[in-house]
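Feature list, courtesy of TrEMBL:
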- 373-505: domain 'Fungal lipase-type' (DOMAIN)
- 20-42: transmembrane segment (TRANSMEM)
- 54-78: transmembrane segment (TRANSMEM)
- 98-119: transmembrane segment (TRANSMEM)
- 131-156: transmembrane segment (TRANSMEM)
Amino acid sequence: MPGMVMFGRRWAIGSDDFVFPGAFELFIRLIWWIGILVLYSIHKGQFNCAGGALLHSYLLVLLILLAAIICALCSILYVSMQGTISNPGPRKSLPKLLYLRLALFLPELVWAVVGAIWVSDRRVNCEGAMISAIFGTVIASWIIIIFTVVAIVIVFDPLGGRKTVYLPDCANRDLESSQSGQLFYNVKKSATRVWEKRIRLMCCCIVQDDDHRVAFTTIAELFRTYFSDTDLVPSDVAAGLTLLHQEQDKVENCPKEPEEIITQSPLTPVADDLDAELENAAHYMKFAVATYGWAYYIMANPFTGLCKLKGDCCRSSPTETDIIGSDRLNMNFGAILKITGLQYRDFIHISFHNKIYEIPFYIALDHKKEAIVVAVRGTLSFEDVLTDLSADCENLTLEDVLENGFVHKGITQAANYIYRRLINDGILNQAFTIAPEYKLVVVGHSLGGGTASILAIMLKNAFPNVRCYAFSPPGGLLSKSLADYTKQFIISVIVGKDVVPRLSMPNMEDLKRRIIRIVANCNRPKYQILLHGCWYEVFGGEPDNFPTELDGDDSPLSSPAQYPHLFLPGRIIHIVEESSTRRWCSSDVKYTASWSKETAFGNILISPKMITDHMPDIVLKALNSLAQENAPCISCRAQGDFSTNIV
């Protein structure tokens with residue numbers, strides 16, 4: 001922060017990012033230099049073999065070259081350790097040292113070629129140990145050169161030559177002139193094109209059509225807008241995240257005032273039905289995780305899963321089950337059967353078809369709860385990721401809805417696809433023909449949870465008693481009016497510090513401002529921040545004592561929001577880990593659950609569990625644990641109600 005400028009362009013690396021790679025290379029070079037010095041000292045005066053004269057000269061020059069490289073690395077390492085992230089002044093001499101270090105690669109390359117020629121010369125008749133040592137030296141030289149080239153490619157910024165036009169400042173420039181306006185437009189267009197190329201490269205293995213091209217452009221615009229007003233390099237972000245994690249832990253461990261506890265206590269609109277909803281959620285989560293098919297089943301049963309599924313591979317699917325899409329060896333359907341515990345005849349329709357905005361789902365009869373269940377799969381493919389990242393807002397137009405509002409574009413298009421399949425293809429009519437007295441329940445996890453929520457809104461008019469259970473749904477999903485409307489029929493379940501329900505464009509903007517502010521206020525060098533951060537993440541301990549981001553709260557970085565606020569759907573059950581008892585090969589975790597407000601997920605929490613808390617197996621484990629704890633209470637309450645009815 002900012003990115004280092006060399007050869008007249010900006011690079012995606014800071015001048016304080018050479019501490020760890022410099023120290024590693026310095027360690028390798030020192031061992032290498034000492035080894036060559038020992039080798040030369042032992043064999044001094046014994047270079048009378050064929051090719052010995054060239055070997056003598058080779059070792060002497062190599063010792064001098066390595067000494068020069070070691071001196072250059074020491075200087076780079078020392079200078080890179082100076083200053084702080086936001087104060088690169090003490091490191092202003094680093095580019096000159098890097099020019100010197102890069103210049104030393106030329107003689108090293110030449111000498112590596114000379115060594116390779118000497119080793120491959122069959123006329124050389126020196127000791128085997130000497131030849132092996134030179135061969136190792138040549139290999140080491142080429143490895144370091146190749147890794148250096150790869151590193152240069154990685155930190156190359158395609159827009160580095162255009163960074164002279166810093167986008168946030170462009171608004172304050174005189175853009176009345178056509179020249180300035182055209183320059184600003186060209187910079188934005190180039191940035192969008194670069195992001196689009198990156199996305200295309202990442203998705204090179206999937207067939208690309210018009211929908212993909214539109215999605216690539218939309219996502220590229222989103223990334224360009226988000227990253228255009230910052231000059232952070234990846235290591236700055238890593239340092240900012242570890243500082244934020246420690247700061248959040250400090251705030252979390254601080255005792256709260258009684259008033260603060262009261263104002264932040266969970267909302268309990270219908271406290272009595274929490275246990276019942278947890279039992280329902282635990283039951284329907286099985287249907288949600290089953291949509292992941294064999295991938296989830298083998299992850300949950302790593303030693304026996306594949307063998308159990310192979311037993312069903314040769315069985316043919318019954319003709320009465322409508323299956324769309326590819327399911328090689330019947331593995332996905334076999335996993336769905338085992339996870340849900342249903343029979344072949346209980347499935348009305350299964351779709352494994354997967355494209356952008358078109359995600360797999362199935363419809364099944366749940367006789368235990370007397371429900372027709374529509375289960376939607378979460379993210380499991382590149383196409384699903386593109387659907388997730390199509391995060392523009394669009395209007396949801398529905399008749400007789402309380403108030404139309406904004407929704408997540410990609411997820412809404414996925415819900416539209418399933419809605420058309422259910423209604424236009426008569427799939428739901430077929431299900432209700434078989435079980436007319438059953439209720440309709442829509443479930444899904446992650447992307448599937450968001451899609452299930454919007455699908456339930458679309459189905460609400462035709463099926464007034466529809467219910468939806470959204471497990472770990474994306475945060476930027478519904479505008480406030482729609483979120484309030486869905487409290488009647490949607491339950492969202494979130495575990496711990498799961499990052500996905502907190503993901504929205506306003507929250508991402510807030511995270512970016514927090515990172516910039518906290519790294520600007522921190523007076524520690526980056527390498528110290530990262531070292532302490534790694535130790536803290538792995539071994540725990542006390543958070544570092546650094547200035548908090550609140551010290552600069554009047555910063556001009558607090559700009560107005562660029563994106564509309566979107567919220568989680570329905571009423572929210574938040575499950576947190578209360579205590580954990582670790583054993584030799586397992587751990588017992590105790591969970592607690594409470595109703596929560598959508599505002600409780602208004603910022604992203606940095607934690608090692610921000611990803612693991614989103615995993616479907618963790619969500620299912622937490623729900624099963626709570627359901628088992630609450631089972632006696634639910635049965636006692638049911639018996640009490642039964643006794644009251646008899647009286």
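FYI, residue positions are counted from 1 along the chain as it appears here.
Glycine too: its Cβ is placed from the backbone N, Cα and C atoms.
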Cβ under 8 Å to the transmembrane segment (20-42), counting only same-chain residues 6 or more beyond its ends: which ones?
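Long-range Cβ neighbours of the transmembrane segment (20-42): 59-60, 62-63, 66-67, 69-70, 73-74, 76-77, 80, 130, 133, 137, 140, 144, 151, 527, 530.
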As a quick check of your reading of DSSP, tell me how many residues in the domain 'Fungal lipase-type' (373-505) are helical, how many are strand and how many are coil.
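Grouping H, G, I as helix and E, B as strand yields 58 helix, 29 strand, 46 coil.
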Should anything in the same chain at least six residues away from the transmembrane segment (98-119) have a Cβ under 8 Å from its Cβ atoms, list it; otherwise answer none.
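Distant Cβ neighbours of the transmembrane segment (98-119) are 6, 18, 51, 54-55, 58, 61-62, 65, 68-69, 72-73, 76, 131, 134-135, 137-138, 141-142, 144-145, 148.
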